[in-house]
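Visitor: In case it's useful when we look at the structure, here is the feature table from TrEMBL:
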- 1-278: domain 'Plant heme peroxidase family profile' (DOMAIN)
- Arg24: site 'Transition state stabilizer' (SITE)
- His28: active site, proton acceptor (ACT_SITE)
- Cys82-Cys274: disulfide bond (DISULFID)
- Pro124: substrate binding site (BINDING)
- His154: heme b binding site (BINDING)
- Thr155, Asp199, Asp206: Ca(2+) 2 binding site (BINDING)
- Cys161-Cys187: disulfide bond (DISULFID)
Amino acid sequence: EYIVRNIVGEAVMGDPTLAAGLLRLHFHDCFVQVRDASVLLDSTPGSKAEKDALANKSLRGFEVIDKIKDTLEAQCPGVVTCADILALAARDAVLMVGGPYYDVPQGRRDGRRSVDTDTLTALPSPFLNASALITLFGTHGFNVQDMVALSGGHTLGVAHCPSFTPRLKFEASTLDAGFASSLAATCSKGGDSASATFDRTSTAFDGVYFKELQQRRGLLSSDQTLYESPETQRLVNMFAMNQGYFFYAFTQGMGKMGQIDLKEGDRGEVRKSCRVVNKPSW
């Protein structure tokens, strides 16, 4: 864990936006298939991997994971899995930008399969409403509080214009007018490659995200719905008022995420490189 924390700390100090990248990388790995580092595998001839799926095109932080893996393989080859590295790196990235510490049990195995189409129904769409989010998260064993707290991970990072321009057109009643004008200008100028931050403190892990929702400054439809829905508004208000409780709920949710259909023992392997599966030994 010391090696992971040092490398993550160095990377995040050099580029604070990598904290969001590493957290998102971990989240996307957990929600597609299982938590088995399948998102780290490169595509091969005839097989397009998860990382090259449309929903994963903007994922970042792969080079940080590679550096950690190379360092660990040099010191203790064949011991630490890429799945464990990814979980630890996400935890340490959150910690480095002011978020809570939580334990990360180790012992996950690396998967041998990564297919782009697995992402189609597994990852939350930016256009889902609260009921759909509750259902999707529920399939992985999360309750409503877990879902809202984990959505609070959007206190870090950005989203690109195609993810929120429909909100500008069709959700004026739940969108602050000044915020809408600012977003429209950003996308008009920069096109689909332009982005906007989820909240005002996008490189700090804090409760500001929930305060933004109260002001109807949620970036995505799937963000603002948490405040507009009676099923989740109480939790948004609670997390906005009490950052400590948000941190507690977030750590509980991350603990559950770490146990999603866990691969252990002979259900996986310890990859030598996080980008490719091991060659058969025979």
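The backbone N, Cα and C atoms fix where each Cβ goes, glycine too.
Automatic prediction, not curation, is the source of TrEMBL annotations.
What you are looking at is a predicted structure, and each value in this text was computed from that prediction instead of being measured.
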Visitor: For Asp199, Asp206, listed as binding-site residues, tell me which one has the smallest number of other Cβ atoms within 10 Å.
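Guide: Fewest other Cβ atoms within 10 Å, among the binding-site residues Asp199, Asp206, is found for Asp206.
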Visitor: Based on Cα coordinates, which of the following recorded positions are within 10 Å of Arg24 (site 'Transition state stabilizer'): Cys161, Asp199, Cys274?
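Guide: Among Cys161, Asp199, Cys274, not one has a Cα sitting within 10 Å of that of Arg24 (site 'Transition state stabilizer').
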Visitor: If I take the Cα of Cys274 (disulfide bond) as reference, which of the recorded positions His28, Cys161, Cys187, Asp206 has the closest Cα?
Guide: His28
Visitor: In the structure shown, which of the disulfide-bonded residues Cys82, Cys187 has the fewest other Cβ atoms within 10 Å?
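Guide: It is Cys187 that, of the disulfide-bonded residues Cys82, Cys187, has the fewest other Cβ atoms within 10 Å.
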Visitor: Where the residue listed as 'active site, proton acceptor' and Pro124 (substrate binding site) are concerned, what is their Cα separation in Å, rounded?
Guide: 9
Visitor: Return the member of Cys82, His154, Cys161, Cys187 nearest to Asp206 (Ca(2+) 2 binding site) in space, with distance defined Cα to Cα and candidates limited to these recorded positions.
Guide: His154
Visitor: Measuring Cα to Cα, tell me the gap between Thr155 (Ca(2+) 2 binding site) and Cys161 (disulfide bond) in whole angstrom.
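Guide: Each residue's Cα considered, Thr155 (Ca(2+) 2 binding site) and Cys161 (disulfide bond) end up 17 Å apart.
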Visitor: Please report the distance from the Cα of Cys82 (disulfide bond) to the Cα of Asp199 (Ca(2+) 2 binding site), rounded to the nearest angstrom.
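Guide: Answer for this pair: 31 Å between alpha carbons.
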Visitor: If we check Cα distances from the residue listed as 'heme b binding site', which of the recorded positions Pro124, Cys161, Cys187, Asp199 wins as closest?
Guide: Asp199
Visitor: How many neighbouring Cβ atoms, not counting its own, are there within 10 Å of the Cβ of Cys274 (disulfide bond)?
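Guide: That number is 23.
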Visitor: These are the recorded positions: Arg24, His28, His154. Which one scores highest on other Cβ atoms within 10 Å?
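Guide: Of the recorded positions Arg24, His28, His154, the most buried by Cβ count within 10 Å is His154.
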